[in-house]
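J.: Okay, here's the structure, questions in a sec.
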Amino acid sequence: MRVVFMGTPDFAASILDELKEQHEVIAVYTQPDAVRGRGKKLVPSPVKELAVRAGIPVYQPKTLRTPEEQDRLSELAPDMICVAAYGKILPQEVLDIPEHGCLNVHASLLPKYRGAAPIERAILAGDEQTGVCIMRMEAGMDTGDYCISRSCDIGDMSCKRLTAELAEKGAYALLSAIYAIELGNVHWTRQDESQVSYAPKIEKGELNCDPAEPMATNLRRVQASSDAHPSKCTIAGKGVTLLAAKAVEGEEAAAMGATPARGEVSFCAKRLFLGCADGPIEITEVKPDGKKEMSAAAFASGVQGIKTGKVIWERM
């Protein structure tokens, strides 16, 4: 099948990687290159990087609402458009172009978490499961019927690892959906509007940890974090990105003398603990501002006075 693929981040690139092996991907649409880092360099999306390596034509329009862009897409004559985390809503004029419609790989168990950040929102909510759905696109945001749903336990998976897991499930679900459409035996399920919830984008600083919040909230913020949306705080006045954290039993912490009060820091037996509203959490990996990633123990060893119990941590 002749397919136009639309997507932007790593999640989408993983899906494109599988799709191009089974179908003729005639073009890729992705977001314009973004300014990144202190050098303010233009950086291509993961989808663009993969498409360029594979020799697939790449288009990066700012909008798909102009007649010129819609005409160009029509001239490509795709049988189907496949979308995964593209970052733009497709207008009806685009949805009407391919003979077999537009399929979206959405990283949630619809109708839960319609919107831009379904993976992060599932983690932040403390959900035990999430998943992917293959949805027939409509003009509304993630409102279409779906034909395949695949679930996944969240557990203690980081956002990065969970994203990779869902991308793999989504890729194979998409291939199965296309095959069913080709055979003419696809079955569509309407979303239950009474069960709808939304997943708005993660705002800057939203995942920063806060000593005034409970342990579970701060742990989920670290778990939901990523390079794009880090979980930060200050320790002894220094900015730190928290890369990995875990719960600690109160009895275990007490046995080591690691009982920091809210906003206090404890470093015992080469383990770093931050006091939250209802107890401590253990930090295992960090990235101090301007430095490389390191173990929490290595970081703490360089913090003056940390063993005195007088060092504090704060929300940035």
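Even glycines carry a Cβ here, placed using N, Cα and C.
Below are the features listed in TrEMBL for this protein:
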DOMAIN    1-177  domain 'Formyl transferase N-terminal'
BINDING   S108, L109, L110, P111  (6S)-5,6,7,8-tetrahydrofolate binding site
DOMAIN    219-302  domain 'Formyl transferase C-terminal'
J.: If the (6S)-5,6,7,8-tetrahydrofolate site is taken as the center of the Cβ atoms of S108, L109, L110, P111, which further residues of that chain fall within 8 Å of it by their Cβ?
T.: H106, K112, Y113, R114, P118, G131, C133, D142, Y146, S149, Q191
J.: Quick one, of the binding-site residues L109, L110, which Cβ has the fewest other Cβ within 10 Å?
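T.: Relative to the other binding-site residues in L109, L110, L109 has the fewest Cβ atoms within 10 Å.
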J.: Over the span of the domain 'Formyl transferase N-terminal' (1-177), how high is the average pLDDT in this prediction?
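T.: Its mean pLDDT is 97.
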J.: Given the binding-site residues S108, P111, which one has the fewest other C-beta atoms within 10 angstroms of its C-beta?
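T.: Among the binding-site residues S108, P111, the lowest count of other Cβ atoms within 10 Å belongs to P111.
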J.: How many helix, strand and coil residues does the domain 'Formyl transferase C-terminal' (219-302) contain under DSSP?
T.: 19 helix, 37 strand, 28 coil
